[in-house]
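Here's the structure, in structure tokens; my notes come after.
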């Protein structure tokens, strides 16, 4: 970028970067807490996402950092394998993303059915809400969503002074007030102050209130020296990747992070008319970022739509705003860590509960109804499976339902035998896809054709026909030629790939021996 261009865009990029920084600050810490990690880990990921991924990004207006979509998976990984095992998992996941980007596989991560993605985010949102309502009461979340739901009455009773004698009610009120401020700000935000994020306002008011009233609540723990929060990856840790569970976890992180990033990038492209996203370059940049996060023991990152939309709305036009936001995060942690240590944990949990509720996108669910009941069922089944089992199982169930739907539609074939005006002539009308699965149905219909009949088979209503159906038709023509029957296949220009070769059915002509 030339000096004159830089001078022209710099003021706007600086303003946008401050807005994104204000949005990212509470989210980085809140998502870290929801992931079962120290808040500083989320801040490190945000810094890397801004300074490194912002510089390398293929989607210049997208902002990367820790995402709520991965919080549930990270929490489960930390619970099962420990915090130190997250490093090698992220290193491998980032490497997979980097390789996928270099192989130009970015477009394939966008093939994921929207019903599965929306269902996955809804399930994650429910799990975040169920876990963070415990944190809002200064409690500790349980291992699973159902455990959190079952344990909530006891946690609530313990927080009420007249029942459990605890002080959790103070934290709960701070969390609820944070959510209320965010809701009211979203509804009635004044136009001149549209750049002020509701999360920052809610957390700020809760922090001031807790300090003025000297409330006995848990507060954020951030080290005075950011280097103390870094857990460098040890070479010996890489040997743990021989564990199949860790390998599966790395693939799961890579896939979910990539899908969420590229869907976010596509959404950002729709918000502006500037440079379009290079999905392969973006995927490679995310891979580099996650490898760095693995090396320093931070959280995984994705492209985040909340920060990215704030970036676009604030007037950003280049990648500078994303990079500067990472610089502001770094400066704030280095110079003002004492301010972060005053923030009530319950207030950040309130931000996550509000975010989790918004992840359950009812509007998207209703929108899927335009495409039939099956996408809505897939959405619901994916979300419920994630809540009742785990994230990976739920996503696999969603994919399974998508494949079943695809197989059903691909094998749908309407077969009818129609009398033509000419004596002794009929039409075998085929509409849909003629695959080997429909051979029995075709056989049954052909068995009803009277002797000495000419059967015309137009293929123009078929989206696909495989060799098994063609061979059945040809064989029927040969077998019934002695009865005076004749089969005429009318290709009408239909081309299909058969037995690995591009061929036309025009050469089949009459199959009457």
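Backbone N, Cα and C define each Cβ position, glycine as well.
TrEMBL assigns the feature transmembrane segment to residues 376-408, out of the candidate ranges 376-408, 409-441. Looking up the ranges 146-175, 326-355 in TrEMBL, the one annotated as transmembrane segment turns out to be 326-355. When the ranges 42-63, 218-239 are checked against TrEMBL, the one recorded as transmembrane segment is 42-63. The list of residues near the transmembrane segment (376-408) in space but at least 6 beyond its ends in sequence, with Cβ under 8 angstroms from a Cβ of it, reads 72-73, 76, 113, 115-116, 118-120, 122-124, 126-127, 130, 144-146, 248, 252, 256, 360, 364-365, 368-369.
In this chain, the transmembrane segment (83-103) lies out of contact with the transmembrane segment (14-35); the count of Cβ pairs under 8 Å, excluding pairs fewer than 6 apart in sequence, is fewer than 3.
Cβ atoms under 8 Å from those of the transmembrane segment (288-306) belong to residues 23, 27, 31-32, 35, 37, 41-42, 44-45, 48-49, 52-53, 56, 59, 62-67, 69-70, 74, 83-84, 86-95, 97-98, 230-233, 253-254, 257, 260-262, 264-265, 267-268, 282, 355 of the same chain, restricted to positions at least 6 beyond its ends.
Beyond the ends of the transmembrane segment (326-355), by six or more residues, the same chain brings 17-18, 21, 24-31, 33-34, 39-40, 43, 46-52, 54, 68, 71, 125, 128-129, 132-133, 135-138, 171-172, 174-179, 182-183, 199, 202-203, 206-207, 210-211, 215, 217-224, 226, 306 to within a C-beta distance below 8 angstroms of the stretch. Between the transmembrane segment (246-268) and the stretches 42-63, 83-103, 115-137, the greatest number of Cβ pairs separated by less than 8 Å involves 83-103.
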